[in-house]
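The next block holds one structure in the form of C-alpha cells; read it before the comments.
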Amino acid sequence: MFSLPGLPYPYNALEPYIDEKTMQIHHDKHHGAYVKNLNDALAGNDALLAIPIENILKNLNQVPEAVRTKVRNNGGGHANHSLFWQIMAPKTGGAPSGEIAKVIDRDFGNFAAFVEKFSSAGMGRFGSGWVWLINDAGKLSIVDTPNQDTPLMENKVPILGLDVWEHAYYLKYQNLRADYIKAWWNVVNWQEVVKRFASV
Ligand code: MN
C-alpha cells in the first residue's frame, strides 16, 4: 500500500509565495487522491504494492495493461508530488552554491540563464504538466512532461520539479502562471536538490 507522505513544513510555511489554502488542497486532496487511486488500481497486486513507486514508473510495461494508464497517471502523481514537497522549503530560494552552482554555470551559462530557460519551459508547457531539471550522468538538462508523466519513465533522474497544473496556483494567481513561477523560485530548497544531485 502507498501512503500520503506528510508535508515537511506547515501548510502556511511557503507564504506569501504559495498560499496556505493551495497547499492544503494540493497536498491533502490532489496528492491524496493520487495515492488512493493508485492503491485502488493495484488492489490485490501485492508484488507491485510492495515496491517503491519510482521503480514501478521506470518499468511501466511490467504493470498489467488493464491498469497501466491508471498507474501511470496516479503513480506519476504520487511520485511527482512526493518530490515537489521536498524540493520546496520556507526561507530558501536564491541561488545555490558549491558544486551544483558550477555545474549549472557549465551547462546553462549562468544561474539567471538557467532560471530563464526553466521558467520558459514552464510557460511553454500547454495545459497541465511539469518542468524538470534532470541529472543525466552529471550533465544537467531541462525537460517538461504532460499530465503526471515523469522523466523516470525515460530512465532519467529528476532532481528539481515544478508543478504547472492550474491546481498548483489558481487560487492565488488565477491565470497568471508566470507570476506563480516567478514566486516559486523563492521557495526552492537547493539543499534538497543538491542532495538528489549528489546521490545519482
Ligand atoms: Mn499538483
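Each residue, glycine too, has its Cβ placed from N, Cα and C.
Taken straight from TrEMBL:
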- 2-89: domain 'Manganese/iron superoxide dismutase N-terminal' (DOMAIN)
- His26, His81, Asp163, His167: Mn(2+) binding site (BINDING)
- 96-196: domain 'Manganese/iron superoxide dismutase C-terminal' (DOMAIN)
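Sequence features annotated in TrEMBL and their locations in the structure.
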residue: His26; record: Mn(2+) binding site; CB count, 10 Å: 23
residue: His81; record: Mn(2+) binding site; CB count, 10 Å: 23
residue: Asp163; record: Mn(2+) binding site; CB count, 10 Å: 24
residue: His167; record: Mn(2+) binding site; CB count, 10 Å: 13
Can you give me the residues near the recorded Mn(2+) site, meaning same chain, not His26, His81, Asp163, His167 themselves, Cβ no more than 8 Å from the center of the site's Cβ atoms? His27, His30, His31, Phe84, Trp165, Ala168
Tell me the coarse DSSP state (helix, strand, coil) of His26 (Mn(2+) binding site). helix
According to DSSP, folded down to helix, strand and coil, what is Asp163 (Mn(2+) binding site)? strand
